[in-house]
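Visitor: Got a structure for you, questions after.
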Amino acid sequence: MQFKNALTATAILSASALAANSSTSIPSSCSIGTSATATAQADLDKISGCSTIVGNLTITGDLGSAALASIQEIDGSLTIFNSSSLSSFSADSIKKITGDLNMQELIILTSASFGSLQEVDSINMVTLPAISTFSTDLQNANNIIVSDTTLESVEGFSTLKKVNVFNINNNRYLNSFQSSLESVSDSLQFSSNGDNTTLAFDNLVWANNITLRDVNSISFGSLQTVNASLGFINNTLPSLNLTQLSKVGQSLSIVSNDELSKAAFSNLTTVGGGFIIANNTQLKVIDGFNKVQTVGGAIEFTGNFSTLDLSSLKSVRGGAKFDSSSSNFSCNALKKLQSNGAIQGDSFVCKNGATSTSVKLSSTSTESSKSSATSSASSSGDASNAQANVSASASSSSSSSKKSKGAAPELVPATSFMGVVAAVAVALL
């Protein structure tokens, strides 16, 4: 073979070792060594008689179009990158890639066809500014990353049932996706795609982390548990309906969703870390969290809401801040919650458009914190205002963030206002 990296004796030995580990008997001509690089279609034609190749294959260089014929399995990875003249690629016989499928920096590639591909470890599609179609028959994959492409559809991933990572970001023509995913063991992210992105994950039962940004509509018809963090940030969602969700293991953030007018989490009972709802300008009535009983970190609600129903809340292990610009909002129920010792953190603040209550809580005694509330009102007010300024800055900064910032973080439960502010700041990165 006239691969750019010719097979040396060492490579042949490596190929033999790989072939020995394969479940299929591989002719020596189909073992390409630990890795090999093809720079022309003629290189690929020399392995066209193989049903399986062993080794990591890289395709790069000045190819106008390229195809892998007859090959059904790659026992290794396939990488196609940095080819300024490659306009199309097809490998419609491949059913399995044991390693990764990487497609990167292919500036005029318009189509990529893997019509029979059912199994791969990871797919990474990054910086494909001309691609419009990508086809597979994918059934099993661990990680999917699609970033900075012109894909109008990612339906090639619609039949997947479970993944570790599913990250779709910065694809400006992608406006919809309907998924069959049932579980996500690491992170699910959709961010900075088309202006009116509509998503449906109605088979998803559990996920470790979920972060959605710049989404117009979302459906989670079956979601019951999020093990770590759940975040809805900078979306144009008119409503959120997660009526099957019962537990968020760490942080829950609903921040800077300007069109959001209704949030229904009618079965949610537990938030293990920080719980923040902030800067959702149309969310005037917050009554969809009335079954929440425990918050493992701090809680902060900031906005223009007139109604807040947290009637089942029994325990907040961090501080609490409720700040509404509406003069119709009443702090009475929340002050009763605080006086009963349910707020276990270092501060309690409740404000509306007309009045403000600020109490510095003792970390050692609920009773002493009550008795010191009056004498320390002035100093605690100053401290609370300082914390409010920091928190407001963290919340408002999210409104200008329209880029994907990587996998959703697993946040440590916050134990104070500063903790929840730090948690949200990390979530917004």
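All positions are counted from 1 along the displayed chain.
Any Cβ shown, glycine's included, is placed from N, Cα and C.
According to Swiss-Prot, the record shows the following:
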SIGNAL    1-19  signal peptide
CARBOHYD  Asn21  N-linked glycosylation site
CARBOHYD  Asn56  N-linked glycosylation site
CARBOHYD  Asn82  N-linked glycosylation site
CARBOHYD  Asn196  N-linked glycosylation site
CARBOHYD  Asn209  N-linked glycosylation site
CARBOHYD  Asn227  N-linked glycosylation site
CARBOHYD  Asn234  N-linked glycosylation site
CARBOHYD  Asn241  N-linked glycosylation site
CARBOHYD  Asn267  N-linked glycosylation site
CARBOHYD  Asn279  N-linked glycosylation site
CARBOHYD  Asn328  N-linked glycosylation site
MOD_RES   Ser339  phosphoserine
COMPBIAS  361-401  compositional bias 'Low complexity'
REGION    361-410  region 'Disordered'
CARBOHYD  Asn389  N-linked glycosylation site
LIPID     Gly406  GPI-anchor amidated glycine
Visitor: Distance check, please: Cα of Asn241 (N-linked glycosylation site) against Cα of Asn267 (N-linked glycosylation site), rounded to an integer number of angstrom.
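Guide: Cα to Cα, Asn241 (N-linked glycosylation site) and Asn267 (N-linked glycosylation site) are separated by 11 Å.
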Visitor: List nothing but the one residue from Asn56, Asn82, Asn279 whose Cβ has the fewest other Cβ atoms within 10 Å; the candidates are the glycosylation sites.
Guide: Asn82
Visitor: Of all the glycosylation sites given, namely Asn209, Asn234, Asn267, which is spatially nearest to Asn279 (N-linked glycosylation site) at the Cα level?
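Guide: Given the candidates Asn209, Asn234, Asn267, the nearest one is Asn234.
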Visitor: Using only C-alpha positions, which one of Asn82, Asn209, Ser339 is spatially nearest Asn196 (N-linked glycosylation site)? These are the recorded positions in the record.
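Guide: Among Asn82, Asn209, Ser339, Asn209.
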Visitor: Select one residue from Asn196, Asn241: among these glycosylation sites, choose the one with the most other Cβ atoms within 10 Å of its Cβ.
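Guide: Checking each of Asn196, Asn241, the winner is Asn241.
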Visitor: By a simple count, how many Cβ atoms lie within 10 Å of the Cβ of Asn209 (N-linked glycosylation site), its own Cβ left out?
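Guide: There are 26 of them.
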Visitor: Do you know offhand how many angstrom separate Asn227 (N-linked glycosylation site) and Asn328 (N-linked glycosylation site) by C-alpha?
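Guide: Given the Cα positions, Asn227 (N-linked glycosylation site) is 36 Å from Asn328 (N-linked glycosylation site).
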Visitor: Rounded to an integer, what is the Cα-Cα distance in Å between Asn82 (N-linked glycosylation site) and Asn328 (N-linked glycosylation site)?
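Guide: Each residue's Cα considered, Asn82 (N-linked glycosylation site) and Asn328 (N-linked glycosylation site) end up 60 Å apart.
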Visitor: Taking only the Cα atoms, work out how far Asn328 (N-linked glycosylation site) lies from the residue listed as 'phosphoserine', in Å, as a whole number.
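Guide: Approximately 22 Å lies between the Cα of Asn328 (N-linked glycosylation site) and that of the residue listed as 'phosphoserine'.
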Visitor: Whole-number answer please: how many Å between the C-alpha atoms of Asn267 (N-linked glycosylation site) and the residue listed as 'phosphoserine'?
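Guide: With the alpha carbons as reference points, the distance is 26 Å.
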Visitor: In Å, rounded, how far does the Cα of Asn209 (N-linked glycosylation site) sit from the Cα of Asn234 (N-linked glycosylation site)?
Guide: 17
Visitor: Under a three-state reduction of DSSP output, how is Asn196 (N-linked glycosylation site) classified: helix, strand, or coil?
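Guide: Once the DSSP labels are grouped into three classes, Asn196 (N-linked glycosylation site) ends up as coil.
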Visitor: Tell me the Cα distance separating Asn234 (N-linked glycosylation site) from Ser339 (phosphoserine), rounded to the nearest angstrom.
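Guide: One finds 35 Å between the Cα atoms of these residues.
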Visitor: Check the DSSP secondary structure of Asn209 (N-linked glycosylation site), expressed as helix, strand or coil.
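Guide: In the DSSP reduction, Asn209 (N-linked glycosylation site) maps to strand.
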Visitor: Which site among Asn234, Asn328 has the most other CB atoms no more than 10 Å from its CB, taking these as glycosylation sites?
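Guide: Of the glycosylation sites Asn234, Asn328, the most buried by Cβ count within 10 Å is Asn234.
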